[in-house]
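Input: a single structure, listed below in structure tokens.
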């Protein structure tokens, strides 16, 4: 399995938030409620892999594209599970959506991440987008726009580890690890070994971060 | 992130590296069928060119268009400038039209710095007099990094008319920031006053430097700025400071030959060398678009 260690450019909001989280976590573990543990995540990944195999009838002509940062290891893990279950090698790639976001002008400049399509491309393929948290749906909208410029998939599906609700666009996921009802004041943090050194899903209370700007991409 | 790009010295190491890394991602757009990103939709970039230029102006225009910005090309010829309008009035006019960024080339050193105080948008220096040309330095650094893998400890010789070269000054500043070792090679008459304070070494002897470099960058002899006799004859200059076939053969195997263009073939560089595999001259032009996309994105992409 190739797990591309997602590069974390400096100043990336995700990264800062993760660091902030880790430091406060040590000081005040009560503020972050663990929702899923590492073994939960392993079971969920296995289940989604099975669902993909079932729904796509063997994952033929399928490409997994991870959205940085944590969608990238997720896509690699799904491909690894699919290979383990049925011996099918699903091509894995990375799709950075920074340049397609609709909130660029609301924040300071974001660092651009890598976009790597598998050698076969995506034309005529079934593309499954992988991301850690589905929230407003704006990241997925940006991803759909990016795909449109990169080729013409026959079908696009979406796999997420956590769906926390509060959609701002008519978007839904095809494969969901866990539906997690949240309030807007809470924030969901997915930790993956490849990026964060440990596997977990945490829910942080409203006291942690200041409230997000309207339409801001906070998780 | 910075608001303007006026000098290569505006960039610290992490910002310069961010520009080069972003340019790497922008370069992938050139290989796609749809060479367009929606990132700067609704933004206006003005190309304000008081001096003739083909590649820099076109390069900025292509870069802005690939990011979906609207581009206004404004050249001094055929504009109100020929009727005597001042730089400030032109700037205020552009301001009133809502320019988000102004890319300026001017024959007067320091013109972009003045402009930056008059307009609200970002100002990008696309060459001011004999002073600076920061995006050229960035694309040169990008080219070196993509050909040779790293800039840290790279030995770079910049050869020729340093006195009139904005490319040389910007390159010395940026390459020093990024950890390369620069040697300027030039006749004494073509070195600027105060070059001793620049973060680089200086030599008068090209042959002594050639065997020990990773990059040799040839500068154009700027005949249009030569108001004095800086060297006895073009032929003597070519003999002593031109990169001919024999000299190119003495370069280390991996060394690359760069030139910011436009070239005087046969003067500072022999045609055979300019067309050889180690020359990166065409590559530099392609990289210029990626680097300028990165600069425009980093200046205009976020909250203003």
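Every residue, even glycine, has its Cβ placed from backbone N, Cα and C.
According to TrEMBL, the feature domain 'Aspartate/ornithine carbamoyltransferase carbamoyl-P binding' maps to B:4-145.
According to TrEMBL, the carbamoyl phosphate binding site annotation covers B:55, B:56, B:105, B:133, B:136, B:261, B:262. Annotation for residue B:262 (carbamoyl phosphate binding site): same-chain Cβ neighbours under 8 Å, separated by at least 6 residues, are B:54, B:55, B:220.
The L-aspartate binding site annotation in TrEMBL covers B:83, B:166, B:220.
The domain 'Aspartate/ornithine carbamoyltransferase Asp/Orn-binding' annotation in TrEMBL covers B:152-299. Per-residue confidence over the domain 'Aspartate/ornithine carbamoyltransferase Asp/Orn-binding' (B:152-299) averages out at a pLDDT of 94.
The separation of residue B:166 (L-aspartate binding site) from residue B:105 (carbamoyl phosphate binding site), Cα to Cα, is 11 Å. Straight-line distance linking the Cα atoms of residue B:133 (carbamoyl phosphate binding site) and residue B:166 (L-aspartate binding site), rounded to a whole number, equals 5 Å. Secondary structure of the domain 'Aspartate/ornithine carbamoyltransferase Asp/Orn-binding' (B:152-299) per DSSP, as helix, strand and coil residue counts: 62 helix, 24 strand, 62 coil. Each residue contributes its Cα atom, and for residue B:261 (carbamoyl phosphate binding site) and residue B:166 (L-aspartate binding site) those atoms are 13 Å apart.
Cβ neighbours within 10 Å of residue B:105 (carbamoyl phosphate binding site), excluding its own Cβ and spanning all shown chains: 26.
Sequence-distant neighbours of residue B:136 (carbamoyl phosphate binding site): residues of the same chain at least 6 apart with a C-beta under 8 Å from its C-beta are B:56, B:127, B:166, B:167, B:170, B:171, B:260, B:288. The secondary structure of residue B:133 (carbamoyl phosphate binding site), as reduced to three states from DSSP, is coil rather than helix or strand. Neighbours of residue B:56 (carbamoyl phosphate binding site), defined as other CB atoms within 10 A of its CB across all chains, total 23.
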